[in-house]
Amino acid sequence: MIDRYKHQQLRIGLVSPQQISAWATKKIPNGEIVGEVTKPYTFHYKTNKPEKDGLFCERIFGPIKSGICACGNYRVIGDEKEDPKFCEQCGVEFVDSRIRRYQMGYIKLTCPVTHVWYLKRLPSYIANLLDKPLKELEGLVYCDFSFARPITKKPTFLRLRGSFEYEIQSWKYSIPLFFTTQGFDIFRNREISTGAGAIREQLADLDLRIIIENSLVEWKQLGEEGPTGNEWEDRKIVRRKDFLVRRMELAKHFIRTNIEPEWMVLCLLPVLPPELRPIIQIEGGKLMSSDINELYRRVIYRNNTLTDLLTTSRSTPGELVMCQEKLVQEAVDTLLDNGIRGQPMRDGHNKVYKSFSDVIEGKEGRFRETLLGKRVDYSGRSVIVVGPSLSLHRCGLPREIAIELFQTFVIRGLIRQHLASNIGVAKSQIREKKPIVWEILQEVMQGHPVLLNRAPTLHRLGIQSFQPILVEGRTICLHPLVCKGFNADFDGDQMAVHVPLSLEAQAEARLLMFSHMNLLSPAIGDPISVPTQDMLIGLYVLTSGTRRGICANRYNPCNRKNDKNEKLYETNYKYMKEPFFCNSYDAIGAYRQKRINLDSPLWLRWQLDQRVIASREVPIEVHYESFGNYHEIYAHYLIVRSVKKETFCIYIRTTAGHISFYREIEEAIQGFSQACSYDT
């Protein structure tokens, strides 16, 4: 369907019997209305042609071959001069055979049938609206018991007997005996109701607004009572309140979408277009049919049997009619969702039939495999690896993938620059991988974002746009900070690459979908671009350090190699002296020269105006020099003072990893501040 904004969309929900009839029926030029499937047959075994009014009828679903009717006559499609537009003998219209992909039919059910999705699936919508136990409703649907209709004010048989209680077994089994007597049809139809028809009557009598009001009043009363002191009773109250909330939400949804509750009980059963449930001829002349065809045949057989029982014989036992209605209900249940009521239906080879639910749900269903997961043009797929040198909004595309995705744009660039005379010459240059091809590819990629998608796409951050750059290898490089939005890691995960073609798609990718514009979670507002997994381990290793305490800074005669910052294995003093550095650049330079390790503790001189020591902490040790100056050594810093107790300088105890991490954070903050100043 197409909404008012011209967006194509698909909506799955309840529809009225009138809407089903409008979808499935059509009026042929002679005025006859067709669409009802009344026969369970598919193809005639002799002529190999579809049976009339069967599951593949050409009158209902359209011709198998375009412009050719069931009689074999041919008409030119779209030729207004050709008259008539349908065959008067077989009633088949001369139209395109593609109509068999979307033209539906319907089965007129003799008795109402509940939709098993709304009865058996949890939560049961029918049970929620009627506020009755699911077990009781199932017994009513499958004709295990009946209920009395509160009809007229006249003294009826059941009123004289009292209200009907199905728990009384003798009374329950005595009712069918009256049905076997001729003339009790009026009594049966007037005073009791069973099967899906009983559910339909109760749903039709519901007033959704009154349901909302009554549920709200009851919810408030339960909230005012407070805890009873009995844990079991308190749990029952909580469950009841949750149920009332679900019931109100369901009623509001029905009102908002203009859906009537009785539509959950089917009177007309839609029949899928035949091209969606085909019969294919394989080698040896054998036929391979879709399971749905067999399930449809089962429904039609049982429905026709029930029709014969009600029309051909006036003295049919009522119990037999009820059993046949139950069989029709079970056949429709199997068609919609095989196995939902217990053991699934199997064929002669003990293979479970695939019902309508099996066709559309799951990874191999119609939606995820054919509609959502189908292969599209201008897309690729590869394994992702970490790209720590990338910017947040960039991704690395392998040359092999990039040249295929942007081949059309590269061909246009070669022709525009007069480097190729036609498309064939341009493709040959691309196959030869000439240097000019990579230069044009770089220019094209600079102005064209790509979309990365990791399945399953559970929220909008599952698809984000990036600025691609060429990388060597055959894997896609990704910044590790964007992994949380994709729920991805680098243990073999794959991602799909898509190229937005239209200007609208490119604008949306640049303005809304770039990774550096999606830093917060759309669900809860928390930061989504946070370090995870590999980055957390790297930050831990970078800032862990070797915890040796201040004893390594002591001077002792046995530690002869302290000035070289080396370990001494020949004595018990195994640790080296912690070096002093005037600034962070000297410390990083010493690390790059491999004079210290990444986790080696060191003393870094800190500016006095940047750090104020106002702690009352007592120094662990005090080292005095020959001129009277002394060092106050604390757990994480060191203060150099003069004889007059003036502070010369302060050293903090850190590692080269801490310094490197601090400088990265400082540069990021400075860059952010500059960007904010430019904006203002």
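In case you wondered, yes, glycine gets a Cβ from its N, Cα and C as well.
Keep in mind that what you see is a predicted model, and the values were worked out from it rather than measured.
Annotated in Swiss-Prot:
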- Cys69, Cys71, Cys87, Cys90: Zn(2+) binding site (BINDING)
- Asp489, Asp491, Asp493: Mg(2+) binding site (BINDING)
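Projection of Swiss-Prot feature records onto the structure.
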| residue | record | Cβ within 10 Å |
| --- | --- | --- |
| Cys69 | Zn(2+) binding site | 22 |
| Cys71 | Zn(2+) binding site | 13 |
| Cys87 | Zn(2+) binding site | 21 |
| Cys90 | Zn(2+) binding site | 16 |
| Asp489 | Mg(2+) binding site | 15 |
| Asp491 | Mg(2+) binding site | 9 |
| Asp493 | Mg(2+) binding site | 17 |
Residue from Cys69, Cys71, Cys87, Cys90 whose C-alpha is spatially nearest that of Asp493 (Mg(2+) binding site), among the binding-site residues: Cys69
Euclidean distance between Cα atoms of Cys69 (Zn(2+) binding site) and Asp491 (Mg(2+) binding site), Å: 58
Rounded Cα-Cα span from Asp489 (Mg(2+) binding site) to Cys87 (Zn(2+) binding site), Å: 63
Rounded Cα separation (Å) that holds between Asp489 (Mg(2+) binding site) and Cys69 (Zn(2+) binding site): 58
Additional residues around Zn(2+), ordered along the sequence, whose Cβ is within 8 Å of the centroid of Cys69, Cys71, Cys87, Cys90: Ala70, Gly72, Asn73, Phe86, Glu88, Gln89, Gly91, Val92
